[in-house]
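J.: The structure's right below; bear with me while I get my questions together.
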Amino acid sequence: MQTTFLPPSSFSANAAIPDMASYEALCAFAERDYEGYWGKLARENLSWHVPFTRVLDESNAPFFKWFDDGKLNVSYNCLDRNLEKGNGGKTAIIFEADDGAVTRVTYQELHAKVCRMANGLRSLGIGKGDRVVLYMSMSIEAVVAMQACARIGATHSVVFGGFSARALHERIVDAGAVAVITADEQLRGGKRLPLKSIVDEALALGGCDSVRNVIVYQRTGGGVTHVSPRDIWLHDLMEGQSDVCEPEWVEAEHPLFILYTSGSTGKPKGVQHASGGYLLWTALTMQWTFDIKPDDVYWCTADIGWVTGHSYITYGPTVAGATQVIFEGVPTWPDAGRFWETIEKHKVSIFYTAPTAIRSLIKACETDAQVHPKNYDLSSLRLLGSVGEPINPEAWLWYYRNVGQERCPIIDTFWQTETGGHMITPLPGATPMVPGSCTLPLPGIMAAIVDEAGQDVPNGQGGILVVKRPWPSMIRTIWNDAARFRASYFPEELGGYYLAGDGAIRNKDTGYFTITGRIDDVLNVSGHRMGTMEIESALVAHPLVAEAAVVGKPDATTGESICAFVVLKQARPEGDAARALAAELRTWVAKEIGPIAKPKEIRFGDNLPKTRSGKIMRRLLRVLAKGESVTQDVSTLENPAILEQLAKAL
Ligand code: 6R9
């Protein structure tokens with residue numbers, strides 16, 4: 001039997017979904033009349049400029065269309081609708097800068113900023129269907145820029161500010177962006193880090209002829225090169241623009257954004273999301289999973305460079321008319337009490353973060369008692385959330401006891417860049433919680449566990465996580481690569497089910513889902529998705545590297561860490577020479593992809609363990625990375641002696 005924690009009855013009493021019976025009723029509605037269910041929700045929760053008459057079009061599966069003859073505008077739904085409801089004077093964003101300075105904007109002010117920027121973008125000739133890349137850090141301006149793109153029907157593609165010039169270049173070229181919006185520099189942990197100069201570097205790599213303009217938000221005033229007439233200061237662009245901007249009414253299927261994520265090959269996938277279905281699900285999950293209420297102060301600590309920042313910073317909270325904190329800094333600066341201090345300072349009531357952050361703050365408390373949450377007034381909190389990777393029961397319990405003071409339900413939300421919003425999660429007022437389990441699918445999400453032939457497996461037996469029916473906020477395609485979309489997510493053997501790429505198991509008694517981790521070559525390091533092939537390609541691009549294999553190694557803080565096995569074109573170095581070269585390769589990977597992709601560990605070998613047909617046996621490398629000895633059958637191995645050499649860490 002699993003240990004369960006019940007939602008507090010005081011929470012349930014006011015919750016959007018107050019009990020399991022209400023949850024089951026919604027699930028039953030979806031089962032009974034799938035299109036009726038989604039159609040009703042889409043009519044009730046969004047403002048349509050042209051109402052839709054069709055809910056779901058499956059005629060060209062797996063390229064599903066939702067509400068496709070309807071028209072709407074996402075920014076209108078997030079901003080104008082809040083003004084119409086009388087929320088204009090309500091605080092939309094409380095911006096907590098790295099240095100603790102606070103800036104607030106109301107819905108009225110946010111609306112005006114978005115309109116001015118949208119008009120500015122239009123003045124540059126940017127409009128419906130154009131792609132705009134954002135390379136920015138956490139700021140009000142980043143949210144404004146995304147919303148401004150949505151307002152004029154331009155498709156944004158946000159690239160995380162920690163990615164290198166090369167990674168940025170690859171995304172700009174693939175998206176065919178007409179403009180890049182960036183900042184002079186970013187401020188994190190008291191340090192200034194470059195942004196604009198990296199954009200310059202990326203554009204100088206060539207092949208970016210589509211880019212006509214670079215728009216620069218002045219964050220620090222740090223000196224940047226100005227290429228005229230290409231580069232424009234954001235404040236100059238917005239100067240004198242009207243704060244009225246007629247939205248571009250787009251079809252529900254119009255691409256709202258492309259967000260690159262890692263897959264099993266070296267090339268990142270441009271996950272394309274639609275407008276109507278995506279916004280519907282962010283709006284509904286704000287109500288159901290976050291149980292958002294008018295007086296809440298909501299804080300999601302994600303970066304806008306990831307999907308969590310898209311759905312649960314830029315779009316979800318605004319479409320819900322919520323007040324949210326947006327944080328520029330890092331959890332450990334000026335000390336590891338920053339999260340708790342910020343919750344106290346802004347009276348945060350809903351807090352959404354990643355297990356890796358929780359684990360690192362648990363560790364910080366062990367060495368510095370001052371930063372323990374008990375030293376802060378966290379009484380404003382009523383709901384806690386977790387996202388990005390499995391949360392281990394120890395971290396869950398610490399979060400529950402020390403941060404939530406056993407008063408706040410925890411929503412362990414399983415979802416992906418591709419799913420657009422939450423898929424499997426407890427409902428805070430209804431679902432009995434089990435630490436380490438994301439519990440049950442949201443109503444209308446037909447998640448299941450199957451074997452490799454697509455057959456259901458019984459509860460208690462692990463298998464492959466799939467979703468059996470399309471849902472409104474799902475990925476529409478991979479930008480520029482429809483064939484890869486079909487092959488990655490709708491492989492033939494699964495008979496039309498969406499393949500999530502994770503393994504999972506359901507509890508025998510409760511049917512609760514537990515995610516057991518990726519089943520493909522994707523790593524999850526501190527909640528960041530990294531493709532092993534991407535890192536391998538970066539390593540072999542180094543002039544001394546002949547071959548590389550990258551595997552994940554379990555890590556108590558970051559979930560997984562990156563371990564690279566490297567074969568050189570020259571003799572294998574040892575001792576200090578090996579350490580120096582390992583350091584050089586780590587810096588190299590940071591330059592090729594970004595610091596988040598740096599291998600924690602590099603081991604040199606004369607070769608890699610291979611089958612007689614030349615396949616690298618990653619399974620064995622994973623065992624070696626863990627520091628365990630290989631007990632498996634290695635008879636199919638071409639070169640078993642190599643294992644001993646690779647077993648030695650530096
Ligand atoms: C939202 C986001 C997706 C991958 C996903 C899975 C892992 C995310 C999880 C979780 C267990 C959770 N993941 N949330 N695993 N429990 N609550 O993180 O999107 O960056 O695309 O990563 O993250 O492996 O497949 P993304």
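Start at 1 and count along the chain as shown; that gives each residue its number.
Here the Cβ of each residue, glycine as well, is placed from N, Cα and C on the backbone.
These came from TrEMBL, pasted as-is:
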BINDING   R188, G189, G190, K191, T308, S526  CoA binding site
BINDING   G388, E389, P390, D412, T413, F414, W415, Q416, T417, D502, R518, R529  ATP binding site
BINDING   V540, H542, V545  Mg(2+) binding site
DOMAIN    23-78  domain 'Acetyl-coenzyme A synthetase N-terminal'
DOMAIN    86-471  domain 'AMP-dependent synthetase/ligase'
DOMAIN    534-615  domain 'AMP-binding enzyme C-terminal'
MOD_RES   K615  N6-acetyllysine
J.: Applying a 10 Å Cβ distance cut-off over all chains shown, what neighbour count does R518 (ATP binding site) have?
T.: 18
J.: Would you mind reading off the Cα separation of R518 (ATP binding site) from K615 (N6-acetyllysine), to the nearest angstrom?
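T.: Per the Cα atoms, R518 (ATP binding site) and K615 (N6-acetyllysine) stand 20 Å apart.
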J.: Say we define neighbours as other CB atoms within 10 Å of the CB. Which of the binding-site residues T308, T413, T417 has the fewest?
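T.: Each of the binding-site residues T308, T413, T417 was scored; lowest Cβ tally within 10 Å is T417.
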J.: To the nearest Å, how far is the Cα of H542 (Mg(2+) binding site) from the Cα of T417 (ATP binding site)?
T.: 30
J.: For ligand 1, list the binding-site residues among T308, R518, V545 whose CB atom is within a distance below 6 Å of it, in sequence order.
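T.: Those binding-site residues that pass the cut-off, since their Cβ is under 6 Å from ligand 1, are T308, R518.
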J.: Near the Mg(2+) site, what residues other than V540, H542, V545 in the same chain have a C-beta no further than 8 Å from the centroid of the listed C-beta atoms?
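T.: Result: A538, L539, A541, P543, L544, A546, E547, A548, V566, L585, W588.
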J.: Under DSSP, is S526 (CoA binding site) helix, strand or coil?
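T.: Where S526 (CoA binding site) sits, the three-state DSSP reduction gives coil.
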J.: Where DSSP helix means H, G or I and strand means E or B, what are the helix, strand and coil counts for the domain 'AMP-binding enzyme C-terminal' (534-615)?
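T.: Helix, strand, coil within the domain 'AMP-binding enzyme C-terminal' (534-615): 28 helix, 28 strand, 26 coil.
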J.: Counting by DSSP secondary structure, give me helix, strand and coil numbers for the domain 'Acetyl-coenzyme A synthetase N-terminal' (23-78).
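T.: Counts, helix then strand then coil: 27 helix, 7 strand, 22 coil.
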